[in-house]
Amino acid sequence: MSPSVTVRVPAKVNVQLAVGGVRPDGFHDLANVFLAVGLYDEVTVTPAGELRVTCSGPDAAQVPLDASNLAARAALALAARHGREANVHIHIDKDIPVAGGMAGGSADGAGALLACDALWGTGASREELLGICAELGSDVPFSLAGGAALGRGRGEILAPLPVGGTFHWVFAVADGGLSTPAVYAECDRLREVSGQGSSVTDVPEPEPSPALLDALRTGDAAALAAAVTNDLQPAAVSLRPSLTATLDAGTGAGALAALVSGSGPTTAFLVRDEEEGTKVADALRASGTCRSVRVAAGAVAGATVR
Ligand code: C5P
C-alpha cells in the first residue's frame, strides 16, 4: 500500500470583519478577527503518477477539481520550491459548506500543503508554510494556524489572540454560493453610492474592537455578541436579500448574535451554550429560510496531521 497522509482542517467564522478602502492592488486592508470552529475538511495525499484531485461529501459536485482548486495549487507551490514533481492524488473529504464564507477552499489549500510537506519530508519551516499560504489566498494562513487570530493587511498577516472559553455557534447554509470578489465589489459600490467613497484615501483604516478582543479573552459570549461586526454584511445582503429572513429567524429563536459569515452567504448565530444551540438550530431548520443547519464550537486547533 502507498503511504498517505491525512490532515484535518477547521472552518472559520469572522467575529469582526472591518474592511478598509480598496487598495491599488485591488485588495482591501482588513482588521479581520478569525475564530476557527469545529467543522472540518479532511485532506488526504497519496503518491500517484500525476497530480489529481477528488472530492467526496454532500457538496462535492460544487468543488472544482482542476488547477484552480487551492489544494492543487498548494501542492504545486510546495513542489516548485523544493524542485520536485507534485505527483500526488489529493482527496478532499468535504464537510465545510462550499463558497459559504467559512474558508472551505482555504482549508483545503492549507491541508494539502501540510499533508504534502509531511508526505514528501520537505521539512518546511512554519514561516515558509505560512508564506506559501499567504500566496495562495488571504484566508489560507489562518486555516493553517487555527485558534483565534487578528488578520491585518489583506487578512494574511496574523497575530494569534487568546481565547478564554468555548463559543457555541449555529450556522445556516444558504442555497448556492456567493463570489468573494463580487461581495467586496458590492461593498465598494454601496460606499460609493452613500457618498463615502471606496478607496484607501476615503475609508478610515480598519481597527480591531477592544471590546471584542476582551470578550474573546474572557470567554464572555454575551459580550462577544454585543461586539461582533461584519462590514461585508450589507453587501452580502444586497446581493442575496433573502439572508435577512435567515438572520431574523435566528434572532427570533434566541441567538445572542446573528451575522453573515465572512463574505457569506452562510449566516452565523452565536448562542449561549450547546443546549441553546440545539433550540436555535431546530428553529432555523423549521423556518425554511436556509438549505441546512450546522452546529460547531470554537476556538479549535488549525490544520493538524492525523
Ligand atoms: O485572497 P483571496 O484569493 O481569497 O481573495 C479573493 C478576492 O477577494 C480577491 O481577488 C479580492 O477581490 C477580494 N479580497 C479583497 N480584499 C481582501 C481579501 C479578498 O478585496 N482583503
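Using N, Cα and C of the backbone, Cβ positions are placed for all residues, glycine too.
Here TrEMBL flags Lys12, Asp139 as active site. Under the heading ATP binding site, TrEMBL lists Pro97, Val98, Ala99, Gly100, Gly101, Met102, Ala103, Gly104, Gly105, Ser106, Ala107. Marked as domain 'GHMP kinase N-terminal' by TrEMBL: 69-147. According to TrEMBL, the feature domain 'GHMP kinase C-terminal' maps to 213-288.
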How long is the line from the C-alpha of Asp139 (active site) to the C-alpha of Gly101 (ATP binding site), rounded to the nearest angstrom? 10
For the domain 'GHMP kinase N-terminal' (69-147), give the DSSP counts of helix residues, strand residues and coil residues. 46 helix, 7 strand, 26 coil
Cβ neighbours within the same chain of Gly105 (ATP binding site) - under 8 Å, at least six residues apart: Asn69, Leu70, Val98, Ala99, Gly137
How many of the residues that make up the domain 'GHMP kinase C-terminal' (213-288) does DSSP mark as helix, as strand and as coil? 44 helix, 11 strand, 21 coil
Chain-internal residues, separated by at least six, CB under 8 A from Gly101 (ATP binding site): Asn14, Leu178, Thr180, Ala236, Val260, Ser261, Gly262, Ser263, Gly264, Pro265, Thr266
Site of maximum Cβ density within 10 Å, from recorded positions Pro97, Ala99, Ala103, Ala107, Asp139: Ala107
Cβ neighbours of Lys12 (active site) where a neighbour is any other Cβ within 10 Å: 32
For ATP, residues beyond Pro97, Val98, Ala99, Gly100, Gly101, Met102, Ala103, Gly104, Gly105, Ser106, Ala107 with C-beta within 8 angstroms of the site's Cβ centre include exactly Ala11, Ile96, Thr266
Spatial neighbours of Lys12 (active site) among the binding-site residues Pro97, Ala103, Ala107, defined as Cα within 10 A: which are they? Ala103, Ala107
Arithmetic mean of per-residue pLDDT over the domain 'GHMP kinase N-terminal' (69-147): 97
